[in-house]
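Notes follow the structure.
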């Protein structure tokens with residue numbers, strides 16, 4: 001009986017073990033940590049230009065003033081844990097200084113911001129082993145759309161949430177508590193949708209929607225857990241402040257950006273491996289069927 005249970009258990013776990021091995025092999029072959037380090041470096045170079053371009057676009061349209069404020073609070077609270085206030089102060093100073101830049105300097109900012117999106121595009125297509133290249137005009141259009149429409153859609157969704165909370169018929173204890181619990185999941189939902197779009201749109205090959213959704217969900221869950229774990233580490237083990245002093249925000253920001261890219265690329269690797277695992281199983285079944293028919 002015990003041997004039968006062990007056999008059933010090993011048989012039920014075999015697909016997960018096989019998938020785990022395939023995933024580990026792929027991560028090791030692609031050099032996930034090196035790719036994440038590359039993106040972290042480019043992100044730090046592009047962070048100020050990216051934030052400057054985004055909020056300059058909001059400033060150009062007065063109707064987006066409320067969205068800009070809500071989006072700032074959302075980004076620094078949910079995407080830069082524990083050090084959001086300090087980094088926000090520095091970035092706001094940089095953005096204020098950029099207003100005095102010339103046209104050439106402004107174009108340089110935009111190019112640097114687009115460089116990050118180009119790097120993400122290149123790395124994801126390396127993971128997908130894609131050899132298809134988009135035209136320069138199409139790529140620029142996609143990058144510009146991501147740069148402009150992405151923050152606006154996130155900010156608009158937050159404004160809609162605030163509007164729903166202000167409605168009179170929702171001023172009810174039970175409904176209010178339900179909405180409060182739902183809004184707690186809002187950052188997770190935003191991360192999930194963002195990662196799903198990233199894995200679906202950026203690669204130049206067709207990505208099954210189901211695989212992209214699963215990979216994006218895993219990445220979003222790890223991202224939310226990573227935020228809590230990172231905040232806990234900074235709060236409980238503040239020894240980095242004794243070493244770096246006032247410069248402590250620099251290594252903290254770099255570590256968080258690096259960890260975030262590791263999570264994003266892990267979700268991409270899971271998405272790709274799901275498709276490869278399915279293809280491998282289909283091939284095994286196809287090869288097994290003719291041999292069975294010959295025996296008959």
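Just so it is clear, glycine is given a Cβ too, placed from its N, Cα and C backbone atoms.
In Swiss-Prot, the feature transmembrane segment is placed on 212-232, out of the ranges 212-232, 275-295. Segment annotation: Swiss-Prot labels transmembrane segment over residues 136-156 (candidates 136-156, 157-177). Ranges compared are 3-23, 108-128, and Swiss-Prot records transmembrane segment for 108-128. With a threshold of 8 Å between CB atoms, the same-chain residues lying at least 6 positions outside the transmembrane segment (108-128) that come near it are 30, 35, 38-39, 42-43, 45-46, 49-50, 52-53, 98, 101, 139-140, 143-144, 146-147, 198-199, 202-205, 207, 265, 268-269, 272. Tertiary proximity for the transmembrane segment (185-205) is limited to same-chain residues at least six positions away from its ends with a CB under 8 Å from its CB atoms, namely 74, 78, 120-121, 124-125, 128, 130, 132-134, 142, 150, 154, 157, 161, 211-213, 215-217, 219-221, 223-224, 264, 267-268, 271.
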